[in-house]
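Data block below; observations after.
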Amino acid sequence: MKWLRRGVGLLVVLLLIGAAAWWYLARDQRAPSTPVQREADAAALVDPARIERGKYLATVGDCAACHTARGGQPYAGGRSLATPFGDVPAPNITPDADTGIGQWSFDDFWAALHLGKGRHGQLLYPVFSYTSFTRVTRDDALSIFAYLKSLPPVNQPAQPTGLEFPYNVRSSLVAWRALYFKPGVYQPDPAQSPQWNRGAYLVQGLGHCNECHAPRDSLGGIEQNQHLTGGQIPQLDWYAPDLSTRSGGGLEGWSAQDVIDLLKTGQSSKGSAFGPMADVVRLSTQHMTDADLQAVATYLQALPPRAPAAPVAFPQAASHEQGGKLYAKHCADCHGDNGQGVAGIYPPLDGNTSVTGPTSINAIRSVLLGGFAPATAANPRPYSMPPFAQQLSDEDVAAVVSYVRQSWSNKASAVAPVEVSRSRHTPVD
Amino acid sequence: MIRPPYRRSSLRAAVALLAFCSAAAALAAAAPDTLEQRVAACTSCHGARGEGSPDGVLAPRLAGKPAGYLLQQLEYFQSGQRRHAPMEYVVRQLSQPYLRQIAEYFAAQDLPYHRWPQPAVSAEVLRRGEQVVLHGDPARAVPSCVSCHGDKLTGFEPMMPGLVGLSSGYISNQLVSWRTHTRAAEGPYCMGVVANRMRESDIAAVSAWLASHAPAADMHPQPAAAQTTPLPGWCVMGHSEVNP
């Protein structure tokens, strides 16, 4: 938490800068719609085709993942989202008049999604991914709103936020927004194909992939120039990889089909989804149309190559031999003697970017937690991996993870036992 | 109705496992297309066929429990109504139909029960345990355990678990979880009521007696029709005395 304390100092400075910018930014930026527009909106809200489209878009936006408590009513809120600054509960967005968005106009909803502002103009915390959702078109937002309005209302009051001073003062977000939030609907790039543009719109907007797949600084913000370059997700402690499939990218060597397979089935010939990505696949991307998945893959395939990492020859772990024995005993049955896996069943570990990633946290936690790839329509009965947290010591986990990171074609750094002991908690939301 | 489709699976499982071990050693070309292979995560804790961990506390027996009961517990872990982090994590990505198949698979495992070593408690404590199990604690309105779990303590299809084959550590952990609300249930909160009415010292007593009790000749859950003693009103679906 050292970085947090440093961050607080920085924040005070930023608050001052922010105050200066206040008069400009705190002005209500929403342009209220005209009476004619409002009437058109009202008619749109009851159009069944639009409601159906809204349902699809809300699934792509994965709104239910945050706005549903575990075991709770869909969209009725109650789930608390952990941030380094405290917990922020996701509110009820069913059309309940008292506790949900029953009394909201479309203008109110648009202000939330596009500008990150609540119904009374209050600034919303960016754990609500409006930094991405701002790219969504007005028409798509209207469809989502129509869908939400069509849901059965659930009476469930909002919970208080668990943020401490100064973060509990919403106006402290003025400075944060000045730094990290640029409202604006996605503008198609005429130099690119319609498919690429559709992919860009989905990835940058509703898919909010960048909210996880980019590094966050000490203020929890993503620098404007960081687009899908990979980062550790604060609090969750999983690493979401760089998504470039070109040389030096986190998904180097992934074909468009691999990307589509992963998002649609939870598995691919290059690796399978686990941790938060398994949630994303199960709740959201598996339901995307083939055309949209193809568009997303096209866009990811076109991300720029990354600067090659400085060629480092990582010294082989002293535990390599022990790691090999552990691998033969505990892992080879499923992942193969040479880390080749079993197609469609067990992911390969050779050449797997989750294994060789710039940090070893995903590989360590996969070994500790085991588990199933997500059950999807295309893979309804996934196979599983035993958790090794109970069976293997920190030294053994470090040895076997180092072994897989340094065997076959894999060339990554070794892992120390202390990194394993740091990752020994089981996430349960 | 829950119809376990895997009745004859014991032999098949053994054959499949053997085949798997030798084949996998040669080359991991394919994995057996079986449920037992799919649930390798579960069996690493609960035993190859759900017989429970050797100490009976680390992971309870699943084999032979009523399928409806197992499915309901898996759903409770998913919704967070029953808390146990590794269990919650492992079921998180699974669908309800898949969980049902898994529940039916373990329910259909027909394995012998064994008796746990006699816990180190006095004869008096054991007598008290027997008293509560068979007759309850009328002074505190605790019904007897047999009144719900059956006179043979083997439970009933499809939802009522038996109290056989469980270690004393596991039983007392569960009774404590109901008191601390880390194991809850929807609707009728039967065991919440029972556990909260019990004297604290009786938890150890009933757990010790149940674990050391000679197993019944037939350990299978009784058919639903055999459940003739009516459940108390607060333990019937539709009635709710929630979290006393």
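Placed from the backbone N, Cα and C atoms, the Cβ positions cover glycine too.
The domain 'Cytochrome c' annotation in TrEMBL covers A:49-152 (among others). Broken down by DSSP into helix, strand and coil, the domain 'Cytochrome c' (A:49-152) contains 44 helix, 12 strand, 48 coil.
In sequence order, A:Pro74, A:Tyr75, A:Ala76, A:Gly77, A:Arg79, A:Ala90, A:Pro91, A:Asn92, A:Ile93 are the residues of the chain that are 6 or more apart from A:His67 (heme c 1 binding site) and have a CB within less than 8 Å of its CB. Annotation source TrEMBL lists heme c 1 binding site at A:Cys63, A:Cys66, A:His67.
DSSP states for the domain 'Cytochrome c' (A:194-304), grouped as helix (H, G, I), strand (E, B) and coil, give 48 helix, 8 strand, 55 coil. Annotation comment: TrEMBL describes A:194-304 (among others) as domain 'Cytochrome c'.
Just so you know, the Cβ of A:Cys212 (heme c 2 binding site) picks up 21 other Cβ atoms within 10 Å once every protein chain is counted. Taken from TrEMBL, the feature heme c 2 binding site applies to A:Cys209, A:Cys212, A:His213.
According to TrEMBL, the domain 'Cytochrome c' annotation covers A:318-408 (among others).
In this structure, A:His335 (heme c 3 binding site) is part of a helix by DSSP. What TrEMBL lists as heme c 3 binding site is A:Cys331, A:Cys334, A:His335.
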Binding-site residues near chain B, Cβ-Cβ under 8 Å, from A:His67, A:Cys212, A:His213, A:Cys334, A:His335: A:Cys334, A:His335
A:Cys331 (heme c 3 binding site) and A:Cys209 (heme c 2 binding site), distance between Cα atoms, whole Å: 31
Any further residue of that chain within 8 Å (Cβ to the Cβ centroid of A:Cys63, A:Cys66, A:His67) of the recorded heme c 1 site: A:Gly61, A:Asp62, A:Ala64, A:Ala65, A:Thr68, A:Tyr75, A:Gly77, A:Arg79, A:Ala90, A:Ile93
Euclidean distance between Cα atoms of A:His213 (heme c 2 binding site) and A:Cys63 (heme c 1 binding site), Å: 18
Protein Cβ atoms within 10 Å of A:Cys63 (heme c 1 binding site), excluding its own: 25
Integer Cα-Cα distance in angstrom, A:Cys334 (heme c 3 binding site) to A:Cys66 (heme c 1 binding site): 34
